[in-house]
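Taken straight from TrEMBL:
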{"type": "TRANSMEM", "residues": "B:12-32", "note": "transmembrane segment"}
{"type": "TRANSMEM", "residues": "B:63-86", "note": "transmembrane segment"}
{"type": "DOMAIN", "residues": "B:63-250", "note": "domain 'ABC transmembrane type-1'"}
{"type": "TRANSMEM", "residues": "B:98-121", "note": "transmembrane segment"}
{"type": "TRANSMEM", "residues": "B:133-154", "note": "transmembrane segment"}
{"type": "TRANSMEM", "residues": "B:175-200", "note": "transmembrane segment"}
{"type": "TRANSMEM", "residues": "B:232-250", "note": "transmembrane segment"}
Amino acid sequence: MTDQTPLVRIEGVSKHFGDTVALDNLTLDIARGEFVTFLGPSGCGKSTTLRILGGFERPTSGRVILDGKDVTTQPPEKRQVNMVFQDYALFPHMTVKQNISFGLELKGMDKRGIQRRSDEIMAFLELSAFGDRYPGQLSGGQRQRVALARALAPNPALLLLDEPLGALDAKLRGQVQQELKSIQRRTNKTFFFVTHDQEEALTMSDRIVVMNQGKVEQDGTPEDLYFHPASRFVAEFIGETNLLSGEMRGHEDGAVVMDWFGQTLRGHAPAGAPRTGAPITASVRLEKLGFHAERPATANAVQGKVVGKTFLGSRMAVDLMIEDAQGATLRAFVDAETGQTVGADPVWVGWDSDSMAVLRD
Amino acid sequence: MMRGNRIFLTCFYWAFVLYVFIPLILMITMGFKDSKFIGFPIRSWTLDWYASVFSNTEILSTFGYSVTIAVLATLISVFVGTWIAVLLEGRKFWGRMVIMGLTVMPALVPGIISAIAFRIYARLLGIEPGMGAIVWSHAVHTVPFVALVVMARLSTLPKSQIEAARDLGADPLIAFVRITLPYLIPAIIGASIFCMLISFDDFVRSFFLGGYEPTLPVLIFAKLRSGMSPEINAIATVALVLTAAIGIWAERFTRRMNKDS
């Protein structure tokens, strides 16, 4: 039987550091078993949220409810929350096993219980061979697993992860991302992950909360955020995109109609449509632009001249100049073979109204 | 040109080393001379002076007395110094710089002045000259070294270590005992050895605050006044070898501990 009440409820939480507002009236629920990622640039309030959940900062106002109990003023040691630190914070004078047992000891578990649980978690994370080593004798990836094991051992209701992959090299990072996701699925724990790396967020999360200047920019699934960004900030922060500035014209068959340098385009507005006549920005992902020899039947179609190509291996980025739109440019991804053939003649590019999101500024 | 420079610098270095160590070498050599008079030429060698030092109960008990004072002063100094370091490091509060200044001052006050000040103060408080007074003055003198060394070490302890301990269920006291203290151990051991050597070596404070029983430096001084004898060289050599050995060991030990963590 699954419990439908949210595991964490953040109610109107603000945090001020002097005159700086780190977190501005955040309200949010986190469901049980969810992998939720807080994504944003440094200083956006994501780490502050994490530290408030961990008990290391006290909010200036608002409440934090964990599993139905108000924990706003509870110190970290009283919370059923554990954290994987950015620098792992392994205790250098303790072995791997002692590190992992530390939390169990302090929970008042008896010797046999500690032994059983630490063996279990070390086997689960493939650390059994390293039990007697000191953190100084481990590689970066192994340390990261020890930090995870130590945080998971006391069986927390919520696991906080503070950019734990930042210290790993690119190759290892991809592997650990898969591992983390699979660990989360197997343990069925609620993970609260903080990162500034959009790719990391897209790969692992069930849900992404994009933060900017202490506020939530957008809250949704990775697909939602990628294809239907609500704001310019989200569109630019996640992936690469074409931003089209134009003017709002009105609605037609459930689509939003806009004028883009004399071209009439159709899109959708996930964050609500602005009034007619207002200046607006719309976003189309590079891979949503299709190349055609003839004018396609898509909702939007413009003719362009190829002005630049960038070879990216499996695909190619093509820069187009649209003469009918006062020389505005678009960038598109095509597969490498198509990319090689286009160039000499003008091409048609087309995209659906569903692929173009009108943004909130 | 470069080569000439190098030869000059090398020669200069060795000349300096000789200049520094010749007095020590002379002192050690004279302790093995089979004559009551210090000076060249040396016609025959002996270990008699060492034999007489090790069979002299006065010297041995004085040595023990000095060691006891050093250990007691160090215990107090380490406790107080660590306490101050923990209080001051990484915190901002009103009066921090004042406490810091007052902490460091005893290391800067000339020995003779602090010795006289202690003497007057001890009389006012009704403290008899003797071991208690000496221990007290040595402890005050060495607290700054402990505080500074421990603070330096503490400043390199990542904040996340304590937060991780708290996160795993440790209250602030448990986190201090199980995480901070082990982290400070190399610094504390290093500082302790240093304190003991300072205390063992101290003459002025021990002289002014001592009772009837002399510490080793005071005894050597008293013996010097009744005439130089190779016996003093032997005492000094033993003290030199012991302190050098302990100092080098402590230095290596702290370096190894620092590297491990």
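Every residue number used here counts from 1 along the chain in the order it is shown.
Glycine residues also receive a Cβ, built from the backbone N, Cα and C atoms like all the rest.
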- Under a criterion of three or more Cβ pairs within a distance under 8 Å and sequence separation of at least 6, are the transmembrane segment (B:133-154) and the transmembrane segment (B:12-32) in contact? no
- Query: Counting Cβ pairs under 8 Å to the transmembrane segment (B:175-200), which of B:12-32, B:63-86, B:98-121, B:232-250 comes out on top?
  - Reply: B:63-86
- Message: Under 8 angstroms for C-beta pairs, at least 3 of them, ignoring pairs fewer than 6 apart in sequence. Is the transmembrane segment (B:232-250) in contact with the transmembrane segment (B:63-86) by that rule?
- Response: no
- Query: Residues sitting near the transmembrane segment (B:63-86): Cβ under 8 Å, six or more positions beyond its termini, same chain?
  - Reply: 99, 103, 131, 134-136, 138-139, 142-151, 154, 176, 180, 184, 188, 191-192, 195-197, 199-200, 206, 213-217
